[in-house]
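A.B. asks: Could you have a look at this structure, given as structure tokens, before my questions?
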Protein chains: 2
Amino acid sequence: MRNIRLLIEYEGTQYAGWQWQKNQKTIQETLSKAVERVVQEPVKMYGSSRTDSGVHALGQVANFKTTSAIPPEQLIRAINFYLPHDITVKDAADVMESFHARYDAQSKIYRYTLLNDWIRTSLNRNFCHVCGLLLNTDKMLDAAQYLIGTHDFTSFTTRALQERNRIRTIKRLEIAKEGKYILFTVEADGFLYNMVRTMVGTLIEVGRGKIMTENVRDILAARNRNLAGPTAPAKGLCLIEVKY
Amino acid sequence: MRNIRLLIEYEGTQYAGWQWQKNQKTIQETLSKAVERVVQEPVKMYGSSRTDSGVHALGQVANFKTTSAIPPEQLIRAINFYLPHDITVKDAADVMESFHARYDAQSKIYRYTLLNDWIRTSLNRNFCHVCGLLLNTDKMLDAAQYLIGTHDFTSFTTRALQERNRIRTIKRLEIAKEGKYILFTVEADGFLYNMVRTMVGTLIEVGRGKIMTENVRDILAARNRNLAGPTAPAKGLCLIEVKY
């Protein structure tokens with residue numbers, strides 16, 4: 001039995017997220033069906049991250065087992081032939097039988113794109129959140145320092161009860177200005193449901209002066225979602241890379 | 001009577017180009033209707049460039065006359081409110097009564113985006129042409145030198161008979177590699193119908209060795225469209241800037 005690792009790019013706009021759901025179009029189902037048409041047998045597709053509805057990916061990783069003998073490059077071409085154009089397999093490779101896209105992930109990198117302008121964008125409209133308020137990025141950067149490291153992120157998830165272990169380690173949280181864009185890059189060993197979007201929503205509140213920089217430490221310590229800022233919209237979020 | 005100059009960004013994917021056409025959705029008509037709802041009177045909208053079906057713009061310029069007293073910033077907000085999100089007015093300004101977006105343009109800058117890879121892209125799929133052939137960009141750059149300057153571009157337009165004067169001046173033609181992308185930036189005093197796309201299509205033929213570098217000079221001299229390469233797809237083209 002071969003174990004194939006896929007690297008996948010997708011625009012999440014038209015999908016109800018990665019994970020299979022009844023009566024909803026998802027990335028996992030669409031990808032699995034395309035793969036099954038190619039390998040001519042049922043497959044179980046394991047994804048590294050269950051991206052939410054509307055969230056994009058440049059570097060989602062998934063794996064599946066198959067008895068098919070089709071070489072990797074041909075697999076890429078054939079799967080892409082059956083996939084709609086908003087999903088693309090960028091790479092395929094044979095990996096050890098033990099490899100699991102989700103359990104073996106060491107860290108994941110997400111990017112959140114914020115357009116800080118009072119006028120929207122047409123060309124980039126599905127890939128950024130537009131915020132017209134005056135934002136102080138220095139304050140946002142100061143506040144972000146409290147989130148880096150190993151913490152209980154209960155205050156930054158909307159489904160705390162579903163996760164027994166709410167402790168995660170943020171290795172990197174960068175905030176960069178590029179013209180009118182503010183780019184948040186976050187690397188962690190894992191993320192709770194809506195965690196990046198709640199962190200970004202909270203940092204926006206810091207940037208506009210609604211939440212004081214030091215309060216972010218207290219919000220984290222309180223383990224109470226009601227204290228953090230709103231969940232920033234899905235369309236600004238993109239899974240950039242999964243490290244193994 | 002005020003004369004208002006608009007700066008407009010749009011994704012052309014869903015439109016039959018800029019210019020008004022019967023029974024077809026166009027940028028000019030969609031924009032005019034939104035403006036008319038705001039200023040509450042019929043307007044005549046003059047655009048700097050008649051971009052083709054599927055061609056995008058970051059910096060299209062248009063102007064219209066109106067008796068409305070609405071200040072520019074409010075005009076931007078109100079027009080964008082009525083526009084679909086694939087069209088955005090980025091700026092509005094009162095200009096001299098004599099200003100005409102088309103006749104006063106000194107030069108226009110277009111960018112053509114080519115993804116030189118055998119795997120497509122999902123996130124950027126509406127904004128680039130994907131070409132999987134091995135392309136020699138040095139040869140393309142050499143060939144491009146023959147096109148710079150003042151020439152009769154009859155060989156590079158698909159509607160030569162509709163234009164009495166087919167002489168244009170290309171001030172700049174740059175070819176830059178950015179990762180797997182090849183970006184063509186062309187500035188000219190004006191462009192014939194399909195001119196940028198035919199130049200790019202011809203340079204791709206040079207890059208893959210189907211047309212010799214020096215042949216581009218002969219193709220130009222022959223004033224015969226049949227000698228040039230194919231017209232590159234519209235979705236890779238974007239009107240970047242109009243200079244006055």
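Including glycine, each Cβ sits where the backbone N, Cα and C put it.
Take a look at what TrEMBL says about it:
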ACT_SITE  B:Asp52  active site, nucleophile
BINDING   B:Tyr110  substrate binding site
DOMAIN    B:8-104  domain 'Pseudouridine synthase I TruA alpha/beta'
DOMAIN    B:143-244  domain 'Pseudouridine synthase I TruA alpha/beta'
A.B. asks: Within 10 Å of the Cβ of the residue listed as 'active site, nucleophile', how many other Cβ atoms can you find? Include all protein chains, please.
C.D. replies: 19
A.B. asks: Any idea what the model's mean pLDDT is for the domain 'Pseudouridine synthase I TruA alpha/beta' (B:143-244)?
C.D. replies: 95
A.B. asks: DSSP three-state call for B:Asp52 (active site, nucleophile): helix, strand or coil?
C.D. replies: coil
A.B. asks: Reported as an integer number of Å, what is the Cα distance between the residue listed as 'substrate binding site' and B:Asp52 (active site, nucleophile)?
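C.D. replies: Cα-Cα distance, the residue listed as 'substrate binding site' to B:Asp52 (active site, nucleophile): 12 Å.
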